[in-house]
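Per Swiss-Prot, these features apply:
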type	residues	note
BINDING	10, 11, 12, 13, 14, 15, 127, 200	ATP binding site
REGION	30-59	region 'NMP'
BINDING	31, 36, 57, 58, 59, 85, 86, 87, 88, 92, 161, 172	AMP binding site
REGION	126-164	region 'LID'
BINDING	130, 133, 150, 153	Zn(2+) binding site
């Protein structure tokens, strides 16, 4: 099972990738996490990425693809992988296809989580976390049991990410649509794109993803 999960910020890609990882024993690969791990480990690619980031520039596709190549060689990818939110552009998609072919990986399916933009703004702008233990909450969908008190540790201190503000979220969605929209026909022409309603309940979204994978002929890996 080698798949890509696409969708705008707040569509639930990370949540669904984690569910599929736990259920089928495949590796969830989020490029941001991978990049931070490489930088922290001080690998050759990590050092190159750190130098680029410290200069204020964007890490090149070549570096990201190189990191992905290394990541896919690790044992937890033996049953397959889920790429969470990558690629974002057609050049990235083309470079990814080339690298996967070189490494003898077949890309089975690309799942697009489609969510209404007004819902996305509400989902993202309502998020907050406990400043003490990091537990995540939402004003509407997952409030604390007792207002102002963390369910897990009892702290009264909470934080919100600056880029979760409604106006910032709207700007991120504009950027996503401008940058990522062209890769949808790229994968559709290859017969790999499958659209799933990301506005349903979490379990229903998972079921729809699994249904799309079955229709695509993707066999679930055997789990120990």
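Glycine too: its Cβ is placed from the backbone N, Cα and C atoms.
Projection of Swiss-Prot feature records onto the structure.
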| residue | record | CB count, 10 Å |
| --- | --- | --- |
| 11 | ATP binding site | 25 |
| 13 | ATP binding site | 25 |
| 14 | ATP binding site | 16 |
| 15 | ATP binding site | 16 |
| 59 | AMP binding site | 19 |
| 86 | AMP binding site | 21 |
| 88 | AMP binding site | 17 |
| 130 | Zn(2+) binding site | 21 |
| 153 | Zn(2+) binding site | 13 |
| 161 | AMP binding site | 12 |
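Residue 31 (AMP binding site) sits 24 Å from residue 133 (Zn(2+) binding site), taking the C-alpha atoms as the reference points.
Taking the Cβ of residue 127 (ATP binding site) as reference, residues of its chain lying under 8 Å away and at least six apart in sequence are, in sequence order, 136, 137, 138, 160, 161, 164.
The highest number of surrounding Cβ atoms within 10 Å, among the binding-site residues 10, 12, is found at 10. Note: the CA-CA distance between residue 13 (ATP binding site) and residue 133 (Zn(2+) binding site) rounds to 23 Å. Mean pLDDT of the predicted structure over the region 'NMP' (30-59): 89. Look at the Cβ of each of the binding-site residues 57, 133, 150, 200 and count the other Cβ atoms within 10 Å; the largest number goes with 150.
Counting every protein chain shown, the Cβ of residue 31 (AMP binding site) has 20 other Cβ atoms within 10 Å.
Residues 131, 132, 134, 135, 151, 152, 154, 155 surround the recorded Zn(2+) site, their Cβ atoms falling within 8 Å of the Cβ centroid of 130, 133, 150, 153, which are themselves excluded. Here the region 'NMP' (30-59) is broken down by DSSP into helix, strand and coil counts: 22 helix, 1 strand, 7 coil.
In this structure the C-alpha atoms belonging to residue 88 (AMP binding site) and residue 11 (ATP binding site) are separated by 15 Å.
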